[in-house]
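Below is one structure; the comments refer to it alone.
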Amino acid sequence: MANYFSHVFSFIAVVSFYGDGYVHLRTVETSIQTFLHVRFRTTDLAGLLFLAAGRKDFLLLELISGRLQVRLDLGSGERSISLEKGMYLSDMAWHSVELTHNGHFVNLTVDQNSHASLHMPGPDIELSVEDGLFVGGAAELNRPYLLNNSTGFKGCIDKVVFNEHNLFSTLKPYSGYKSIHKVSQGCSAQFSAIEDSLSFFSSKAFISLPPWEGPHELLFECELSPSATEEYGVLCQKGGFVAIEIRDGNMVATVGNGDGSKLELRSLTHVNRNRTWYPVQLHLLPSSVQLKVGEELVKVNLSLELQVIQLRGPLFLGGLDKEAREEARQAGLMSAVPGGQLAGQASSFRGCLREIRVNTQIMGLLNAAVTKDVSLGCETGPDPEALTTTHQTDRPQFDVTTPQSITNNKKNQNFLSLRKLEVVEGGQAPLEPKHIKVNLDFQKLGIHPSQMMFLIERQPVHGQLQLDFSPDPDGMLDKGQARTITTGAEEVDRTFNMLDLWQGRVMYVHGGSEDQHDFFIFSVFSSNKKALPVFLKGNRLYRFDISISPVNDAPVLSLPAGNLFTVLERSKRQLTLDVLRVSDPDSSPEDLVFSSLGNLNTEVGYLEHQITPAVNLFSLNDLKEGRIFFVHTGVPTSRLAFRVSDGLHLSNTVVLRIMAVPLEHKLVNNTGLEVNQGGASIITTNHLAVQLNVDNQGIEIRYDVIELPQYGELQRLHSSGDWKPTTSFSQKLLKKERIQYLNTYHGLQTQSNVTDYFRFKISVRSLATTEVIFLIKVRWIQFKVTRSKMEINGVQTSVVTPEDLYVISKGVKLNESDLYFKLLTVPKKGQLFLDNKALQKNSTFSQKNITDGLVKYELFNTLQDDTRDMLSFQLFSTHANSIAYDFRININAESNAITVLNKGLSTLEGGSKVISKDMLFTHTASNREVQYSITVSPRHGQIRRINLSNSSSINDNIVTFTNQDIIEERIMYVHDDSETKQDSFTFNIMVYKPHKRTNKKEDRIRAEHTFNISVNLVNDQRPFRVVDKVFHVARDGQRLVMLNDLRFRDDDSDFEDSWLVYTRRGIPMGDLVLASDTSHKLYEFTQQDIEQKKVLFVHKGVSFGRFVLFVSDGKHYVSTLLEVMAQDPYIHVENNTGLIVQRGGIKILTSANLSIFSNMDIRDPQEVVFEVFLPPKHGSLCFTDGDCETVTEADALTAFTQQDLVAGRLAYRHGGSHELSDGFNVTVKARENDPERRLHRKTREIRLDIGVRVKIYLEGHQRSPTVISNRPVVVAEGQNVSISKEHLEVVHEDSQPSEIVFTVQYPPTWGFLQRYPSDDYQENSGEQQHLYQNIREQPTNVFSQADLNQGLILYHQQAAGHTNDSILLEATNGVTKVGPIRLEIDIIPILLPLQVSYLTLDEGSSLSLTSDIIKVANHHFSGMNFLYQLIVEHEYIFYIHDGSNTLRDNFTITANQTEIRKHSLPCTAHIYVTPVDDETPVVTTNKGLKDSDTPEPEQLEFVVTPPSNGHLALKSAPSRHILNFTQNHIQTGQLMFVHSALSGGFHFQVNDGVNVAPRQIFSTTAHSLVLTLKRNHPLQVSPGSVTPVSELELQAVTNDIRDTRRSHSVVFAVTALPKLGSLVRRMPDNSTQNISTFTQSMVGKFVSSQQRKAFVNLFN
């Protein structure tokens, strides 16, 4: 690696790149060590600097957002490296980059003082280059790692050295070896352009600007001066195009869509070649286009085709590149058509452009992505005369005249002539009139030379300008009388005038750097208020160049690692740059020669060269390349002096103390290893390491294994990439991570604490240690079956879910896809299927198959009775097997339909109420038993069970109860007496067969139910103390009792705290009196009196004591003790938060920033005075009602009061200096308010000194942070994902990532955020994912951009069945905020989102099932094939109606995707049938049949099939199913139909014992009973009257209108009784009875409202 340094310092040409140029060196090589050196300067924010390209390997150096990034891939994965501080490099200063790669280690150095390093992964350590080396651009190379690459480089590069290749040794191309494309020698001035005038000097000249875009309209403006009259283009935009050309001396604008439709606007103004500037404006509006040349305006409306054109690609100015020229030719632009005016010369614009604006934004070379044949400045007028120089002592007279007067030409730009200043490195030189010459007639302009002002807009980079008010004869600056000109200062401090220039006061002082060029930017204006030419208004910038003459400095020698150099006895050690370091930028390494001073005794040792032994002189190259060694021969200690020469100067002398020590070593690491059973783990020096007493001696440390592991083997990684067993290894292999332990034991361990180990010896040279044991802890795999039982209720097929069969692993966490089941026996009454394939004995499936719903159990036959089935299985994984387990299957022959009544209850605060059958009950078929399981208990009460005995004992906080408990009224809700109006509990329902609840669970309602509880509040809260602290008072003084000293609270919602009454007894250490009349003692007062500052405590007697206070709310009494502490008067600081102020800004101080507390009687904040005894150094204090801007040091504020702070009248104004911290000190004075003491002149005054800090922030902190990345985060359902800066990145130019803080405004709905602890953060993704699983679920609401950059923020997805989530964030840099920012979360569902549409077809017809009807609707599964139980593809599957008269049908379908192991839930496709009149009627009504041969109804027998939506029964036994009956049953009304679904039917046949009628269909349809509140109007009553409630005010109806013989009783239950009246029922004897329930039939007949006080709404 060090061999390549000598090439860096050879002569290399400077090369300019213009955005589309490159240098390509074709070479094929492989290197384990790589060196790269690049030196460049640019103002562009992005660009490719260097690329070493291979098929997979690559090394890429690029600029991104003005910061350097290196990407590297050696074959084992890509890594990137950048500077932590984010060093900004797009500042047009020269920057050098050095990168070294040695095996796994990569080091990056920028400008010799910023460093970064990287460790590459994997076994690959060589960089393979097959496609060659590229500088400035990647040409036409197409590799995957270039897909998101930055644009070509635009700027200057003067050094590119890669290994032995100097890519700029010559710019001559060589066919097949070196390609040079669109670059030029030297550093073009356009990259640091300040002038806005551009000259296009060739027929192929152009610049490309960013795309021309706008929301509604586009505007282009410029001034042009042509130098030729051919046809050429000025502006063009590709795609649908907009162009401006000059044809026959006229401006022509063209708008086209690229498909042949275009529109032209021609100006009549003739553009001549007369060095005249022509203003041009093109304005593209939504429906029209305008071209303005000078004062002429041409406007044309756009057609519909041209109103919707889409512009794409860059905006070309002056000309086009090859691709754009071809598009323009096809569009018919004359400037691009061959065979044009000059025999087909497709020409660019030739001439000058200035004042270029795109959408009102100024554009120039600094905005250009690509430039070609463009130079700075334009000569549009006569050439100026030769410049004359004037010595600084020859002062010009005021009647100086310019060679050409500018009074008649206000746009003359040549009034200023600049000449380069030459300065010696580290020296200084004055700016003289010969450097900046002003060609003006001051007398004619009416201005004095002192009014000609020069304003410094940008400081020199490598020095500074100073203004000297009194130069001495030698031209040296007197620092006491000099002022440095700085860019951040006020404008008056950045200016000098013409007299300063003539008198030699302006001095440039170089900083001593090695840069040979410098410059500063200035503008010119006049302080005279007369009307002046435009160039004297300060709106033009000028660049002044400075040339630095280099000076050869003496080398500087240092000892970076200290002066102690240890070496092993009688050995040699290499001298490196870490031992001796020299700094001399003026000299190359081969010119720097080290010399050792003095003669070393041969008994001590000597210096040895790799080639020549015993040397005293060696070069820096020898030292860098590791050729110099010190050889020790005998004496243990000595000294060695060194000095360096560059051929002209000698460096300082350094002395190296040499100490020889005997070889010693010790075992510093033997931590052991943890590994999973069957897994492997690498052994590194963190686990096992030996330390020597000297470093970098190249001594090999070996480990010889004498006893191998019992349950595994040691392996070594060879260069072939294979791991092979080994019995010895070195410490070097441990550092390179090439030794691992592999567990090979596949059995089951009965004990979990069985460990493995290996025994070894350590060998260092000829020394060997005793035996050492390295312990290995193996995490053994164990299986645990948590669920192994399944319930089937009345179905033939049931999917086996994790609720039925679930297994986990212990010791080692295995994924569900790694846990397998092996069938030892198969079920007897059914069969298991995996993805619709039958499973036999010894078949296998995984836990993941069960989770994905791919395993199902299917009965062989339909069972009429409950039964059981069983199978046996064995668990196994890759490395372990289990014993046999049983899987039991309970089969229930019928399913149960249940109905849940849940109306809630109402109770008083602190009361209780029994849950009755009318409030909560579950109705079941066949009288099944029902159990309620409470999943979420009430938050403000308890559910209790009352015992059947007469005792008062109860069961609190029960979690289960039954229907029977509700029937017997044994379940009670008890409120906890809190001030809450609502409560609830959540429960599940389980249904059991009678008397078998403890043995067999039959059915479960998976949906959760919530029982709501309404609580009516009562006034029952006792007052309690919320401020409980000692009352402080001055000894023998007095003080007001405030709410922050004593305060009670009453939580009753209808009671105000200010109504509380305080009563006191005797007070041993003083008295409570009325503040306005101290002779009036207070024995009773309210809390409102304390609020109004009426209660005063007067101290007398002992210094500490307490007295009793009784507090009452009118009902409850409580007592409390008020402790009183009397001390000497004092003042304490209560608040002193300091201030944060913008530089040069003003900030108000309030009592929240600064306040005091005193035990004296201070009633008015005006009495507390703050005297400023140490004012701010960099600002001033002022009052806001004055003029803070004009406050001077003499007017500085010297005192203020606490009232000023409370009212916000006090402000701090920063003076605008660069200091970012300030402060001031005050003395607080307070005097007690005691009339008696004041009368006797004994009032006490207290003082306290306080210091207040002020922090200053910059203006840049007020700019809002910028969101540069906000991309959706993709996560699998139920999993977690790390949110990185690729998803969300907010930056601020003056803030570090750790200072950008995000606050969660609205957290995610279906998951939560969590911050991963940074101290445990690991880069290895595999380890990181393993650690994520152990994070506790503690949501975070605040995190920083640095946390995102490090991947510390996780999103955990929790809720199932959702595909989208989002987080609403707000970001701040501590001063300003940006937001809200919505971060979208894209969730990949576990179950396939199957969608089934409704089908409609005619009766008896068919309809093809297509993907429009059945589809999986989610973009994550687009393009996949799915397996359906009814396969839907190519429209080969049809639904065929059977021709019956049913109007509805349905079928159920599921979708499976075997490749990703996902399935959907069953979905039902509903089919609507349009009836067709296609049959002759046979049965007009199914109300009975007659048979002429069988007149008796008992002899006509009906035989029916089982109905699909219920069953037939007789009234005498409604639960008993029947399949035959007679006509007599129908006629006598004994036959009834009990429905279980809404629609269906059955087939029936009639026979008379001899003949059988044709088969018929009987259809049934049930309608849901719906209750509707039809009327609910206010009831108008008179006080003291009884008013009936009629159906006009209250009426509820049902939808059951078909059978008027059935009447549904509508019952009203009153949940809140009237407050000012009562609800009564009129009895037959005309008396009334209060009621809480009534029916609709009672409304208008028996229900009345009795009013006692006032009108009221009945149900208010």
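Yeah, the Cβs are placed from backbone N, Cα and C, and that goes for glycine too.
TrEMBL does not curate its annotations; it predicts them automatically.
Quick look at what TrEMBL lists:
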DOMAIN    14-187  domain 'Laminin G'
DOMAIN    196-378  domain 'Laminin G'
REPEAT    412-525  repeat 'CSPG'
REPEAT    556-647  repeat 'CSPG'
REPEAT    664-763  repeat 'CSPG'
REPEAT    896-990  repeat 'CSPG'
REPEAT    1130-1229  repeat 'CSPG'
REPEAT    1264-1372  repeat 'CSPG'
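In this chain, the repeat 'CSPG' (1130-1229) lies out of contact with the repeat 'CSPG' (664-763); the count of Cβ pairs under 8 Å, excluding pairs fewer than 6 apart in sequence, is fewer than 3.
Secondary structure of the repeat 'CSPG' (556-647) per DSSP, as helix, strand and coil residue counts: 8 helix, 41 strand, 43 coil. Broken down by DSSP into helix, strand and coil, the repeat 'CSPG' (1130-1229) contains 12 helix, 47 strand, 41 coil. Mean predicted confidence for the repeat 'CSPG' (412-525): the pLDDT average there is 77. Counting residues per DSSP class in helix, strand and coil order gives 8 helix, 50 strand, 37 coil for the repeat 'CSPG' (896-990).
The DSSP breakdown of the repeat 'CSPG' (1264-1372), given as helix, strand and coil counts, is 19 helix, 45 strand, 45 coil.
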